[in-house]
Amino acid sequence: MDKRIIRNYLFGTFLITYIMWGSIFAANQIGYLKYGTPISMILFVIGGNAPPIIAYVVLKKEHLISGFKEFLREAFAIKQKPRFYAVLIAFLVLYFGVPALMQGISTGAELYIGFLCIPLMIIFGGLEELGWRYILQPALEIQFSFGIATSLTACIWSVWHLPLFFITGTVQKNLSFGLFTIMVLGMSFALATIFYISKSIWLCILFHSMTNALASSWIIEESIKIKGLTSLSMIILSFLIIIYYKKKMDIHMMNKLEV
């Protein structure tokens, strides 16, 4: 993927999202389109799904996919090796486990509600991965190291969410953008690692959806210490897995050459 693809993806994604979410914010200032009303939610969903929409347009235009069916097959390729699901669970345990160990989690909705919300969160978040991890991350890795590419993706991903912090009624309105960005950095390393070793965008969609859904049951405290250490733990695990995976691949290649 070349720079043109990155440029087209980012331009289209930010344009649609910022127009949709910006319209909600602007209308709010004069008492219209309050968050939760039908029209505002339509604009909200369209803006939130700009990443997969533009991802499909860009991939189709560049002849990197044959059509919508192939796009859906990639997105929902549920059959993956158990070890890849194990990595996903390991990152999920860190995401909620580190704050829990630091007594930085409070209970929200019943846990079963969180699990029931996972399919819904595929639409309200998970499908973003078709843009961020399926297009942007691999494209940046061609030009930069894994760590730099992931950090850049995290920064862009975080800024993309920015309008939500100004819309009354959203979850983000009551959060710190700085602390949000810290967690996004850790999540980006987790997601980039999952995709790097598995090449499965479905696993990224699932991980993103699970963190969003379960966050309604396990509410992480707004603390720089808690969120900083949580993010750091995911980054450390990410590098350990990548180092192990690269060594394993090197050994495999050497054995193949010897044969």
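Each Cβ is built from the backbone N, Cα and C atoms, and glycine gets one as well.
Counting same-chain residues at least six beyond the ends of the transmembrane segment (9-27), those with a Cβ under 8 angstroms from any Cβ of the stretch are 33, 35, 40, 43-44, 46-48, 50-51, 53-55, 57-58, 131, 135-136, 156, 160, 163-164, 166-167. Taken from TrEMBL, the feature transmembrane segment covers 9-27 (among others).
Summarising the annotation, TrEMBL assigns transmembrane segment to 39-59 (among others).
Taken from TrEMBL, the feature transmembrane segment applies to 84-105 (among others).
Residues annotated as domain 'CAAX prenyl protease 2/Lysostaphin resistance protein A-like' in TrEMBL: 116-214.
TrEMBL lists 144-163 (among others) with the feature transmembrane segment. Remote same-chain residues near the transmembrane segment (144-163) are listed as 10, 13-14, 17-18, 21-22, 24-25, 47, 51, 132-133, 136-137, 172, 177, 180-181, 184-185, 187-189, 192, 196, 238-239, 242 (criterion: CB distance under 8 Å, separation of at least six residues from the stretch ends).
Long-range contacts of the transmembrane segment (175-196) within the same chain, counting only residues at least 6 positions beyond its ends with a Cβ under 8 Å from a Cβ of the stretch, are 84, 87-88, 91, 94-95, 129, 132-134, 137-138, 146, 149-151, 153-155, 157-158, 161-162, 165, 203-204, 207-208, 211, 220, 222-224, 227-228, 230-235, 237-239, 241-242, 245. Residues or ranges marked as transmembrane segment in TrEMBL: 175-196 (among others).
What TrEMBL records for 226-245 (among others) is transmembrane segment.
Sorting the domain 'CAAX prenyl protease 2/Lysostaphin resistance protein A-like' (116-214) by DSSP state (H, G, I as helix; E, B as strand; all else coil) yields 85 helix, 0 strand, 14 coil. Listed by sequence, the residues of this chain that lie at least six past the ends of the transmembrane segment (226-245) yet keep a Cβ under 8 A from its Cβ atoms are 87, 90-91, 94-95, 98-99, 102, 104, 146-147, 150, 179, 182-183, 185-187, 189-190, 192-193, 196-197, 220. Confidence across the domain 'CAAX prenyl protease 2/Lysostaphin resistance protein A-like' (116-214), taken as the mean pLDDT and rounded to a whole number, stands at 97.
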